[in-house]
Amino acid sequence: MTHRIQVGMLFIIMHLSFSYLIYPDLIYRLTKTSHWEVILCQGLMQLILLWIYYKGLNYFPDKNVIEIYLKIGKWAAIIFLTPYVINLIAIVGFNLRLHAEVINDVFLPRTPYWSILILLFFISVYTAIKGLDTILRSSVIIFFIVIPLIFFNIFSSFTNFDLHSVSPVWDSPLKFLFNIKYFYLMGFSSFLILGFISSGANSNFCQIFAVFVSVVLFSLSAVYIPLFIFGQETVTTLAYPFLEAINSVDISWFIFNRQTMVFGISLVGLVILANAVLLWMSGHIMQKTYKWKTMEAAYWIILLSVIAFVVALVVPHQSLVEKFFLWSTGAQTYFMIIIPSFIFLYGSLSKGGLVGYDKK
Amino acid sequence: MRNSVKEIKTKFSTQGDFFIEEESYDKMSCYLIGFKTLIDLPKTKLYIQQMGESCTSKSALLGKLSEETNVNTEQLIKGILEGKLVIVTKDGKENAIVDPIVQNLNSSIGEPKNESPVHSSTDAFVEDINTNVGMLRKRLNTDRLCHCTYQVGELDKRRLSMLYINGKAPNDLVNKIHHQLNQIDSDIETIDDLNKRFEKRRLSPVSHFSATELPIQAIHSLKKNRIVLFMDNYPFALVFPNLILDMFSTENDRNFPFILTFMLRFFRVIGAVATVIFPALYVALVSVNPGIFRTDLALFVAKSREGIPLSAFLETIAMVVLVDLILEAIVRLPKSVGPAITMVGGIILGQAVVEANLVSNLLVIVITAVVIASSAVIGMQNSLYIRLLKYPILVLASLFGILGVFIGFIFTIIYLASLTSDDIPYLTLRFEHKGDTK
Amino acid sequence: MIKSKVSRLSIVFLSILFLSGCWDIKDINNRSLPLVLGISKENGQEYKLTLQIPIPKSDNQISRTVTEKGKTVTNALGHIQTNSENAIDYSQVQLIVIQKNLAKNQQEFRDLIKFLMGSEDIPSRALVAITDDNVENVLSNINNKLGVNASAIYDYFNKGTAWAPELFSTPIWEVYRSQFLSTKDIAVPAVRAGKDTVLVFEGSTILRQGQFIETIGPKDSQMINVFNNKDVKGYTENLGFASIMVTNSSIQSKIKMNNNKPYVTSDLRLKIHILERKQGITNKKIYEKIERLTERRFYNLLKKTQHSQSDIFGFGQQFQHVISYHDLKDWRYKYYPDLKVDFKVHANLE
């Protein structure tokens, strides 16, 4: 029971970590009027994939994705999971770089971004090495620190709302579905983690659904807060709309002046945990797939994080980082489609999975 | 068999308090052997004499005095070391290890010295392990209270006791600890020696045990499925595993209405967080991120720091170290001198430092708040480790400002989350693994 | 073994960590915290920047002004950084006073606002004000006044609407936003240096997409506040034979399209409190007078703004549902001049 709650909190934290920087921007570029359509559409499609994934995993009780692939054969694990690890590393690298620059802007405008990058990497790697249990436990506490801060941000931004800035009309032709950016957008999720936590799939689908709905609500708030404050035309000219929206809030009774600090703090909490999970996943995959001389997962994590760090460091400027980040989320979309459907197919073909499993 | 007396004599010839007295009663003459420091000899003699009056024969008397009769020399020596009286008949044919009337070496049950419970019974554990276990038994009348004893150590066999409630404490945990305690092969002098026997935690400020002086607290822990260990000659109960909530809640709080209990615990949490964060926050706000202040506050702080030559980090670390020194000095000093140091350290030094314009008066307020806050948590060791945790955050804050404070805080949380004792995480909020009744 | 290696690695990482991150450390008493930033243009050529910096140490003088010129704003800021004794931390800038001559050039003004919005140091919550006066005079005026503190200029705008209903403030981000909005224009408060007080409120300047249209008086500014649903409580009006105070106001608007022309019906309900009146003046007369006065003021302002095609009331915002997104882009030029407003005031005693 407690484990499920922890997984749910981790799930929310991981999704939130994706939804504040590039996500609103991408949506504003996809459509000009009814943004909620895009968000709901994306949520629905992710939910369908999640359902397939869930069904597929249910064929193999108490097994995680790596074990399922290893059951098919080592080749399958290598072919399917190695590219996924590369993708994860890219996401970790670009995600941390992006966040490092934003955190840099918010807290320490004169400090070079790499020092913050080192700091974030250090904490993420440390957390990843400590293992999943530590991540889950700390996610509860970080959840209870970060979520009130986010709510504080959301409610304090109400003071600047101009309800007329947004037109809620239904924009019927779903043109955005065929936009490549929508494909990128689909990658802003990390539900694949559920398959790597052995008890993640054991949870009831209703619970997953409830958690997912709250994630969609948070995404809506991330998109609509800047929209209500600035309006569509202004929002597209800003680099980080959500940040600017929070920055515009001025609460006179609060002793501290800058709401962005509050936002920055919550962002730090989210990004550390999310990237720790991604690093842990990749280290875990590598360790189980390639059993090289009993190389510990910790070594893999350190090795992969060094690669990610170098990748994050060498990209020369920010627009390129954003572009690469979008590419890597696009690749993630690909894995989000491939892995669940493959497991689902394999599970249903091996006669409900259990039979095949028993024979082995 | 006479040579056994000789053997004992040569063995203990270097001991000043060793005695062999020849004594003759109407039915027998014998040697009484033992340590003067452990045995109240006159009273014991009287006791043997009284016993002898009602007995008819030698062996009947010895049998009445003790159940361990006619044992070999090694056991006799062991008995002497344990503070027993050994009686050997003059012909050396019969012997007995008698429980004598002992010199009272233990302090009587008194008030707790390290904790000061409000609204609670005020007896505390004592040195004697049997008294301690007895205190628990008296309060917990159930046959499910299990008591296992161990004698461990190389040089000195130290007595350890493990208590748990059958059916509450998880069985695998009990077995594991049983195993771990049996494996101990070196001397256990301190809690840290015992700590090392459990899961490895190098350089960790958090112990596997939470020590308590109060029987109520120990019983509460037992009822909450935990295991209590006692060490002989150590007037504390060691509760295993140590959980973070021990820092914030004691059973005593529950003597108040719920809302007051909640308030007390809430304040303790605030105290712990404030201790860890406040000095760092001061450095971060003053030297790295003053932009976060409201204008009036920023101008006020700037004014209060005007003309101070030290950098914010230096003045803070200096003051924090100084205050920790004062706290330590007060503990070391005899009780009669302690208040004087408090006066000199706290009031005069604080005043002088501000008046000399070495340290901003805002910092003095912050430091005072921290000292008070750090004492709000329960247990001296918890208070100490909370005080330790503030240093890394302070260093991070001086480099990265608010970001450093928060990252330091998260790092601390992750570190604490990574701690486990026998697979029970330190951050478990409720210890609910129920064992089955065997 | 493994653990020790990990800890060794972490020690290496930690030392790298401590080597990094030393750029933002500067104690607050070694920073200058300017509160007001004045921007003007000299001879239509160079930017002139003026900073009002409070002095915490001295008791005689509360603040000083620093002036520097440069080809661009960044240039001038750089000059100030170089020449100042302390590090200048712009994070406390609360007000930006812009001289009107600079604001007349639309492109320059847009660039300036864009710079202020994008700047990491200057908070985008800082308020904007326009002045006709010499910017330096406005900023240094604070030193000649007795009993004011360094943050007086900022305090001036933060009295709260209940205390000074006519005054209003506009932060940078609103000015920035108005440059992109096609359905709403904004007003920026206009001030000048006062004789007895630090500042004098002169009314407001209407901005249309970064272009100055005209200046309107405080009473007209009040109309705009009413339409933006801002609290106008405490606003007083002298009617000649009586004077009243508004205690509550609420506005309700209905919109519709007539032959592709926008049409708005607005009802303003004023709750008033009569402060004084000449003898024999009935409540009804006062109601009529205040209603007529307010309506006339509104229609005058509407005519003026329709002429200059600047939708200061934000009527266009309400047509978001009726007119399509793309058509609305031309609201100012295509629809707004044809807008018909049926404005009715209903005054009532509290």
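Each Cβ is built from the backbone N, Cα and C atoms, and glycine gets one as well.
Because TrEMBL annotations are produced automatically, they should be read as predictions rather than curated entries.
Same-chain neighbours of the transmembrane segment (A:7-23): 95, 98-99, 102, 135-136, 139-140, 142-143, 146-147, 150, 185, 188-191, 193-194, 197, 199-200, 203, 207-208, 211, 214-215, 218-219, 222-223, 240, 242-243, 263, 267, 269-271, 273-275, 277, 322, 325-326, counting only residues six or more beyond its ends whose CB sits under 8 Å from a CB of the stretch. The transmembrane segment annotation in TrEMBL covers A:7-23 (among others).
Per TrEMBL, the feature transmembrane segment maps to A:35-54 (among others). Sequence-distant neighbours of the transmembrane segment (A:35-54) (same chain, 6+ residues past either end, Cβ-Cβ under 8 Å): 27-28, 168, 170-171, 174, 176-177, 182, 185-186, 188-189, 191-192, 194-195, 201, 205, 208-209, 212, 215-216, 219-220, 223-224, 227, 336-337, 339-341, 343-344.
Residues or ranges marked as transmembrane segment in TrEMBL: A:75-96 (among others).
Within its own chain, the transmembrane segment (A:111-129) is flanked in space by residues 92, 96-97, 99-101, 103-104, 135, 138, 268, 271-273, 275-277, 279-280, 283, 297-298, 301-302, 305, 308-309, 312-313, which lie at least six positions past its ends and keep a Cβ under 8 Å from the stretch. Residues or ranges marked as transmembrane segment by TrEMBL: A:111-129 (among others).
Summarising the annotation, TrEMBL assigns transmembrane segment to A:141-161 (among others). Among residues of the same chain six or more beyond the transmembrane segment (A:141-161), those with a C-beta under 8 A of the stretch's C-beta atoms are 9, 12-13, 16, 218, 221, 225, 228-229, 245-246, 248-251, 259, 262-263, 265-266, 269-270, 272-273.
The transmembrane segment annotation in TrEMBL covers A:181-201 (among others). Nonlocal intrachain contacts for the transmembrane segment (A:181-201), taken as residues 6+ away from its ends with a CB within less than 8 angstroms of a stretch CB, comprise 3-4, 7, 10-11, 14-15, 18-19, 22-23, 26-27, 29-30, 38, 42, 45-46, 49-50, 53-54, 57-58, 62-66, 132, 208, 212, 274, 277-278, 281, 284-285, 326-333, 335-336, 339-340, 343.
The transmembrane segment annotation in TrEMBL covers A:208-230 (among others).
A Cβ distance under 8 Å defines the sequence-distant neighbours of the transmembrane segment (A:261-285), meaning residues of its chain 6+ beyond its ends; these are 10, 13-14, 16-18, 20, 66, 81, 84-85, 88-89, 91-92, 95-96, 99, 102-103, 106-107, 120, 123-125, 127-128, 131-132, 135, 138-139, 142, 145-146, 149-150, 152-153, 190, 192-193, 196, 242-243, 246, 297-298, 300-301, 304-305, 308. Among the features that TrEMBL reports, transmembrane segment is placed at A:261-285 (among others).
Here TrEMBL flags A:297-318 (among others) as transmembrane segment.
Below 8 angstroms of C-beta separation, residues 22, 26, 46, 49-50, 52-53, 55-57, 59-60, 65, 68, 72, 80, 83-84, 87, 90-91, 94-95, 98, 180-181, 183-192, 195, 315, 353 of the same chain, each at least six residues beyond the ends of the transmembrane segment (A:324-346), sit close to that stretch. Per TrEMBL, the feature transmembrane segment maps to A:324-346 (among others).
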Contacting positions for the transmembrane segment (A:75-96) when only residues 6+ beyond its ends and CB under 8 Å are counted: 17-18, 65-66, 69, 117, 120-121, 124, 271, 274-275, 278-279, 281-282, 285-286, 288-290, 304-305, 307-309, 311-312, 315, 321, 324-325, 327-329, 331-332, 335, 338-339, 342
